[in-house]
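**Q** My questions all concern the structure below.
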Amino acid sequence: MSNWTTYPQKNLTQAEQLAQLIKEADALVVGIGAGMSAADGFTYIGPRFETAFPDFIAKYQFLDMLQASLFDFEDWQEYWAFQSRFVALNYLDQPVGQSYLDLKEILETKDYHIITTNADNAFWVAGYDPHNIFHIQGEYGLWQCSQHCHQQTYKDDTVIRQMIAEQKNMKVPGQLIPHCPECEAPFEINKRNEEKGMVEDADFHAQKARYEAFLSEHKEGKVLYLEIGVGHTTPQFIKHPFWKRVSENPNALFVTLNHKHYRIPLSIRRQSLELTEHIAQLISATKTIYQKS
């Protein structure tokens, strides 16, 4: 790894090292998971969850919002009572995250592409170029046929607001349940299901094609695979592909921003760096150093 002049350097702070590696990189492939939004305060546990869903917690003893969002509700009226509030909280009304703004200022100076397992609004509200983002797990603001009868997504924020306003006893009025125009099955949120997968429409495939083209263009050279807030729930989307590409490019570097330690394959440990400081604080400090250098 001698081709990276700033790796490794133990005399640097984590922010100093990250800033220098970004500056030195020919290109960045950035994988972003739930930990980055959580670092900005958009957590799925605690008061944020408990304030929005006290009735659902009382009925089902949910431990967190992720568990609740994946629950098999008793009917579509209850499903949409929960999901409408969930969509408003995590998509329509979620404010901008400072770490996303800070990261954008850094990335705009580089050749980069982002893949994310997040389905919230974080990139849109922060003003990212959509052509540089691949939402591989779907988006909370979109709907799909619950039977996956055709590959098209839909959107109607007004109906979501109406569901929230008119729901009673954890049920939305039956007439507000959206239905597929092709097979008349109820709509559901466009989010990948472990068993069923998800609807992947033309826009999804366009996002995927742009991402894959970027990867093809940067198989060689100093490519920084930067993983931010990615756990081990769905490693097949970011973590494992990053490992593979780093192993195939002796000039690539794998850098993780995460307060947790995850096992890194022995084969790429000499090309890896773990940064464990608070994600939002580390990105902010990195931006300051990067812009001064």
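Yeah, the Cβs are placed from backbone N, Cα and C, and that goes for glycine too.
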**Q** For the NAD(+) site that Swiss-Prot assigns to Thr117, Asn118, Ala119, Asp120, Gln137, His232, Thr233, Thr234, Asn258, Tyr262, Ile279, which of Ala34, Ala52, Ala58 is also named?
**A** Ala34
**Q** Could you state the whole-number distance in Å separating the C-alpha atoms of Thr234 (NAD(+) binding site) and Cys183 (Zn(2+) binding site)?
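**A** Approximately 31 Å lies between the Cα of Thr234 (NAD(+) binding site) and that of Cys183 (Zn(2+) binding site).
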**Q** How many whole Å apart are the CA atoms of Cys145 (Zn(2+) binding site) and Asp120 (NAD(+) binding site)?
**A** 20
**Q** Measuring Cα to Cα, how many angstrom lie between Asn118 (NAD(+) binding site) and Cys149 (Zn(2+) binding site)?
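**A** Taking the Cα atoms only, Asn118 (NAD(+) binding site) lies 24 Å from Cys149 (Zn(2+) binding site).
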**Q** Just to verify a number: CA distance, Cys180 (Zn(2+) binding site) to Asp120 (NAD(+) binding site), in angstrom, no decimals.
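**A** Cα-Cα distance, Cys180 (Zn(2+) binding site) to Asp120 (NAD(+) binding site): 23 Å.
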**Q** Cα-Cα separation of Cys149 (Zn(2+) binding site) and Asp120 (NAD(+) binding site), in Å?
**A** 25
**Q** How many other Cβ atoms sit within 10 Å of the Cβ of Cys149 (Zn(2+) binding site)?
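**A** Taking all protein chains shown, Cys149 (Zn(2+) binding site) has 14 Cβ neighbours within 10 Å.
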